[in-house]
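Visitor: Take a look at what Swiss-Prot says about it:
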type	residues	note
TOPO_DOM	1-23	topological domain 'Cytoplasmic'
TRANSMEM	24-44	transmembrane segment
TOPO_DOM	45-478	topological domain 'Lumenal'
CARBOHYD	Asn84	N-linked glycosylation site
CARBOHYD	Asn215	N-linked glycosylation site
Amino acid sequence: MFKFHQMKHIFEILDKMRCLRKRSTVSFLGVLVIFLLFMNLYIEDSYVLEGDKQLIRETSTHQLNSERYVHTFKDLSNFSGAINVTYRYLAATPLQRKRYLTIGLSSVKRKKGNYLLETIKSIFEQSSYEELKEISVVVHLADFNSSWRDAMVQDITQKFAHHIIAGRLMVIHAPEEYYPILDGLKRNYNDPEDRVKFRSKQNVDYAFLLNFCANTSDYYVMLEDDVRCSKNFLTAIKKVIASLEGTYWVTLEFSKLGYIGKLYHSHDLPRLAHFLLMFYQEMPCDWLLTHFRGLLAQKNVIRFKPSLFQHMGYYSSYKGTENKLKDDDFEEESFDIPDNPPASLYTNMNVFENYEASKAYSSVDEYFWGKPPSTGDVFVIVFENPIIIKKIKVNTGTEDRQNDILHHGALDVGENVMPSKRRRQCSTYLRLGEFKNGNFEMSGVNQKIPFDIHCMRIYVTKTQKEWLIIRSISIWTS
């Protein structure tokens, strides 16, 4: 049974580490993992004495050197519970029903520029009428300056009154009394004191926003207050989520910049909110989000291209400094996300390491990579159910490896799936066409093929000395 003196020893270690300005990321992560495991596994254990729980809470509060932190961390023994914050509703109508997606924005007063209104406008303008029924937007005006908040609320209500009335837009504020100490914090990474205060408060801003949004929808996407959206971004997100049904994931990424476009299950938001609060002064928010993903056992980044969200602010919310970061994978105009129906994939090519066949068929930014193929080698997709295909697009090679394309190949479609000892396969194939410069694209397939398609096959027509990357296979169905 877990002894309290062991827990006390852990806190002593943590206390010593707090005095070290220069410490490795590895040591921090080690302590972080141990701390979370003990807190989550042992404090939740029904056999831990209530008195010990109280001592643990008092010790953790002392470690954070903040009497005002007691109410925030009183529920550490239940990471799935909500943080006790009484929010101020600055502009909102009661949420009548749970939505599919909540879009969360946190905003503070900037020394230069203000992009919040443009961001909200982009969210609504880039969504169809049907999509608007499935989203809610929550704006956390997190600045402690009440005059600025009042002015922003007036602007928001004037421009987006109908969205507020429809329950699609809520503007909230978490009062300053709920915040931990923000002055005199540790200067990790030799950051200046004002930057440490800024990023630490930002972590708490987002923690309170996540806490509020935990029950408003099935999924939650995190944006900044200076972002432009792609057309019909919700439809694209829904297709991606559907394609990952049955797959474990914690975070899906729809932008490669900071914490823009990070998507979560809403049931994970309470844990994430607690996590940001616990380590609010340790590091920037995007770093903490990466650690959170890893602690919940999602090893690899799952990012999708093209990006759905673009950073548009020129001046940073920190000191008004210039911030010219852009996501070069962003596409603003509507793009057609493929359907890629459920299928099994196999190849007789020599696969390199873990670049397996399935990665070419996924929406994730990954690919298949094989050693030089020979005449007659195949890459086969067998669909779970017969489909009618409208369009096919296959791309090989990458920008970095432009020679690793299919130099000589064809694309076939098949019918009459036959069972076999090793795998299902089609008995007959019909050739649709040849690859040109490593790519294949054809529309109107359903007008050319007289049967429902059971299989699709990439066929190597000539041996090549170059390796082969199949970057993406996209299929649109009728």
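Backbone N, Cα and C define each Cβ position, glycine as well.
These figures come from a predicted structure and were not determined experimentally.
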Visitor: Quick one: give me the count of other CB atoms within 10 A of the CB of Asn215 (N-linked glycosylation site).
Guide: 13
Visitor: Counting across all protein chains shown, how many other Cβ atoms sit within 10 Å of the Cβ of Asn84 (N-linked glycosylation site)?
Guide: 12
Visitor: What's the CA-CA gap between Asn84 (N-linked glycosylation site) and Asn215 (N-linked glycosylation site) in angstrom, rounded?
Guide: 15
Visitor: Tell me, by DSSP, whether Asn84 (N-linked glycosylation site) is helix, strand or coil?
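Guide: Coil, per DSSP.
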